[in-house]
4 protein chains.
Amino acid sequence: MMEEELDQPIRVGDYTFRSRLFVGTGKYSGYDVMREAVLASGTELVTVALRRVNLANPNEPSLLDFLPSEVTVLPNTAGCYTVEDAVMVAELARATGIGSLIKLEVIGDPTLLWPDPVLTLRATEKLVGLGFTVMVYTTPDPVLARHLEEAGAAAVMPLGSPIGSGQGILDVEAIWRIKERVTRVPVVVDAGIGGAADAAVAMEAGADAVLVNTAIAQAQDPVAMAQAMQWAVKAGRQSFLAGRMPKRPTAVASSPETGKVSHA
Amino acid sequence: MMEEELDQPIRVGDYTFRSRLFVGTGKYSGYDVMREAVLASGTELVTVALRRVNLANPNEPSLLDFLPSEVTVLPNTAGCYTVEDAVMVAELARATGIGSLIKLEVIGDPTLLWPDPVLTLRATEKLVGLGFTVMVYTTPDPVLARHLEEAGAAAVMPLGSPIGSGQGILDVEAIWRIKERVTRVPVVVDAGIGGAADAAVAMEAGADAVLVNTAIAQAQDPVAMAQAMQWAVKAGRQSFLAGRMPKRPTAVASSPETGKVSHA
Amino acid sequence: MMEEELDQPIRVGDYTFRSRLFVGTGKYSGYDVMREAVLASGTELVTVALRRVNLANPNEPSLLDFLPSEVTVLPNTAGCYTVEDAVMVAELARATGIGSLIKLEVIGDPTLLWPDPVLTLRATEKLVGLGFTVMVYTTPDPVLARHLEEAGAAAVMPLGSPIGSGQGILDVEAIWRIKERVTRVPVVVDAGIGGAADAAVAMEAGADAVLVNTAIAQAQDPVAMAQAMQWAVKAGRQSFLAGRMPKRPTAVASSPETGKVSHA
Amino acid sequence: MMEEELDQPIRVGDYTFRSRLFVGTGKYSGYDVMREAVLASGTELVTVALRRVNLANPNEPSLLDFLPSEVTVLPNTAGCYTVEDAVMVAELARATGIGSLIKLEVIGDPTLLWPDPVLTLRATEKLVGLGFTVMVYTTPDPVLARHLEEAGAAAVMPLGSPIGSGQGILDVEAIWRIKERVTRVPVVVDAGIGGAADAAVAMEAGADAVLVNTAIAQAQDPVAMAQAMQWAVKAGRQSFLAGRMPKRPTAVASSPETGKVSHA
């Protein structure tokens, strides 16, 4: 597995990670299986919804206690629908001493959990101004992605398909459209991955990393799936770096009949 | 990586292989890079077109000399368009002392290199009668696949898309339709894989193994791609075993307007 | 709508049809709605399962009585699993005086209703020898399609996806792969169409006609759907003849990073 | 064709149109073929880039002179990258006496001609405040679409794929996700349609109308394609109203093997 070493680590602000698989902590049946899955994934960056962390009562167990000590914790603003809420949650996270890294989510639809493009950009500008390292969840919109990079985001995180849908990457070219326009910070596919193959597809298409939560937590065997995701991300990344062959059509698109209609 | 150990080896006739990635030897720029790629893939089964093997002149280098000694050689009948030719090539292969394992290809179209379904079945019956262990290249046809198993094939190998096209798995459900009907021998996706993500897709869909040639040989970096394929196959297999979450729709299919047309 | 006139009628043996939409008669809630739907579709060729026709009791209503007098009846061998059964049903149909036109189905799987490729070819040879005009239901296999034309079939009818699944055209290129090899008789997409858009897709891809049953019979409003199918077939055919623009990629496939992995 | 009459005309602000096909006027080889194609399409609404209209020299022919007198002209702001430019072009259009209907495009990327989501919303608010009837070109973003409706847009026009790419509808569910959130004004698929089948797909998926330009103008036979589009839009709309059958899977998704991996 020596080739693996030759890939560059991914940089997010001042952080560097060798693993290009980031994972979430929601939707597990319990903290123990979550911890096992995090370990099996080989991840170095784990996102946590601040509202799910027990800050109030130090006598009760906290999700954070179950995370391996070597992973970086990435607090997120899941559940925020306004710039003000997102900023408040980010400030709260920083106040706990976790640091200035934040995964920004400003949601515009309670059913789809789809980002609000306008508020997401505004909150990014605000948080960057406040000194945060902002990894921003966004739509697969190449123009918005460029605006987010220009606003100072440390990573742009387009959805592959709606959160928790497991539909995979609805528009594979979208990843590369964004990569062509976001050139200074990583592009991380966040949301929609349903199985390990989806993660391989995203990475082979040029994503710098993927963030996976539901696909691991709600697999029949979350720990085995976490391992699968680790291999899939390495496989897809390596396939991208190795330069895959082009697709070749096997049928011609037009015919002698084409254009025969006349209209005098 | 202990989970890996828990998967069963794949059985083909009397052979067992721990790696579920089989590879080809054509279309490389040279024997050295081919050998390196075979090693990087971790494969234990390598297919070789008999007509490409130098049997005549023992003083000139043979492709076989460049294969790692620990891999099993799987001679194939590439280039055969009739039952007679395919049987002759198989007999020739066995006469060299390689053994009774044969990858049967009976092609029906010189452009697409598409299997001839009728001749493929007939040649399978013939070769099984002659004592061969037949791994048979076929169309993604569930009924033909069942016939091939009934005829005694040791592995059924449907194409994902035409040989060398790199189009991936055109119809993912086809794999499972075949798996539901071929229950005693492995189903190996053969042909069409263009990048590592395609291999992961095939395995996650339930294939027992994949055979890859062009996608490795014609990658910009064949050795790196071979490694990517190794990881992809493990990832896809593990994802299948781990039981991926279902896909969930994010839009309802019908509407209050539906069915409003009337016709008195 | 004058352009419509400029298209050539489709020829099947000695028959010619101006409408390129063929329809089935099964799965309707009643004969009246079936008749209305047949009329709304504008079809000139209607397929009928012989086993569903009341031949025994002339005092009871027959499906045939509800068909418009101007349509051609195409008896089919639905439900046959052997060459003998299919030939017997075809002979029975001819004996009723309907004529020598037959839609041949030799099924190989009771769940998928998937054609048996080997028996389908054999039955085609047999029926052609007996003087039938054979329209043959087949898999989307370009080699088998060519064999069927060579055996004397008057129309080759590949499935788009399994009968009654409504999944549409699983592999659009398959239509053209077959068209490149079957050049003397029409290629009719039979099975799998779920909505009018699927019919347009099949025709735009180069099919000479489509046969639709379930998608009309099981629409919420079968008569309205029959009309939709009529327009869709004309639209798709016209789009094919008009010569559609090529698809243009919007993202480059490779990147400066590609191929960076080294392995000394 | 009586069913056609039963569909409601589509309303955009104070306008009503019986045809649900809107067309553009760019990329034709000449004004004559453009006029013929517009007529063949049966459209009642034709969009024109104001910068392409000859306003300066009344002695030279103008594109507008070639439009059938009965169609409504929809000036658009193609080529605008700022709110100010778009507003200026809209004001200029209104000053010519064409009326207050405007197709708003605020582009954020010169290669993809992708809308800028933030500026598009801002320009919509501005133009609505100035009394325009705004049909707004947008990304397939359900949250942005809802904001645009709330801002007073008279029609929301998401792209199916990038302008001029002919890639069709990249994410069919996106249309319905938007329809579920934009309930008071029409949803018009604008951009990406490459052939008539794409138009049928968009309409069957629930779009209220489609706008087509390149697919007609750059077909080998634009006039024939215009006719094809007319039929396709009617077919897709009718299929939507008729209530298509559901898609049915033909392979089960899981297996007895699933979940067999253990990790003690």
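Quick reminder: no glycine exception, Cβ is built from N, Cα and C everywhere.
Those TrEMBL annotations? Automatic predictions, nothing curated.
Annotated features, as they stand in TrEMBL:
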- C:12-256: domain 'Thiazole synthase ThiG' (DOMAIN)
- C:Lys103: active site, schiff-base intermediate with DXP (ACT_SITE)
- C:Gly164, C:Ala191, C:Gly192, C:Asn213, C:Thr214: 1-deoxy-D-xylulose 5-phosphate binding site (BINDING)
- C:244-264: region 'Disordered' (REGION)
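The residue listed as 'active site, schiff-base intermediate with DXP' carries a strand DSSP state (E or B). Long-range Cβ proximity for C:Gly164 (1-deoxy-D-xylulose 5-phosphate binding site), meaning a same-chain Cβ under 8 A and a gap of 6 or more residues, is found for C:Lys27, C:Leu113, C:Ala191, C:Thr214. Taken together, the residues of the domain 'Thiazole synthase ThiG' (C:12-256) have an average pLDDT of 92. Those residues noted as binding 1-deoxy-D-xylulose 5-phosphate (C:Gly164, C:Ala191, C:Gly192, C:Asn213, C:Thr214) have their most widely separated CA atoms at a distance of 9 Å. Between the C-alpha atoms of C:Gly192 (1-deoxy-D-xylulose 5-phosphate binding site) and C:Lys103 (active site, schiff-base intermediate with DXP), the distance comes to 17 Å. Proximity to chain D, defined as a C-beta distance under 8 Å, is registered for the following binding-site residues out of C:Ala191, C:Asn213, C:Thr214: C:Thr214.
Reported as a whole number, the C-alpha separation between the residue listed as 'active site, schiff-base intermediate with DXP' and C:Asn213 (1-deoxy-D-xylulose 5-phosphate binding site) equals 14 Å. A C-beta separation below 8 Å, combined with a sequence spacing of at least six in one chain, links C:Asn213 (1-deoxy-D-xylulose 5-phosphate binding site) to C:Val23, C:Gly24, C:Thr25, C:Gly26, C:Lys27, C:Thr47.
Using a 10 Å Cβ-Cβ cutoff, C:Thr214 (1-deoxy-D-xylulose 5-phosphate binding site) registers 20 neighbours. Take the CB of C:Gly192 (1-deoxy-D-xylulose 5-phosphate binding site) and look out to 10 A: across all protein chains shown you find 27 other CB atoms. A sphere of 10 angstroms centred on the C-beta of C:Lys103 (active site, schiff-base intermediate with DXP) encloses 28 other C-beta atoms. Cβ neighbour count for C:Ala191 (1-deoxy-D-xylulose 5-phosphate binding site) (all protein chains, 10 Å cutoff from its Cβ): 27. Taken residue by residue with DSSP, C:Ala191 (1-deoxy-D-xylulose 5-phosphate binding site) is part of neither helix nor strand, so it is coil. Surrounding the centroid of the Cβ atoms of C:Gly164, C:Ala191, C:Gly192, C:Asn213, C:Thr214, where the record places 1-deoxy-D-xylulose 5-phosphate, the chain contributes additional residues within 8 Å, namely C:Gly24, C:Pro162, C:Ile163, C:Ser165, C:Gly166, C:Ile193, C:Gly194, C:Val212, C:Ala215.
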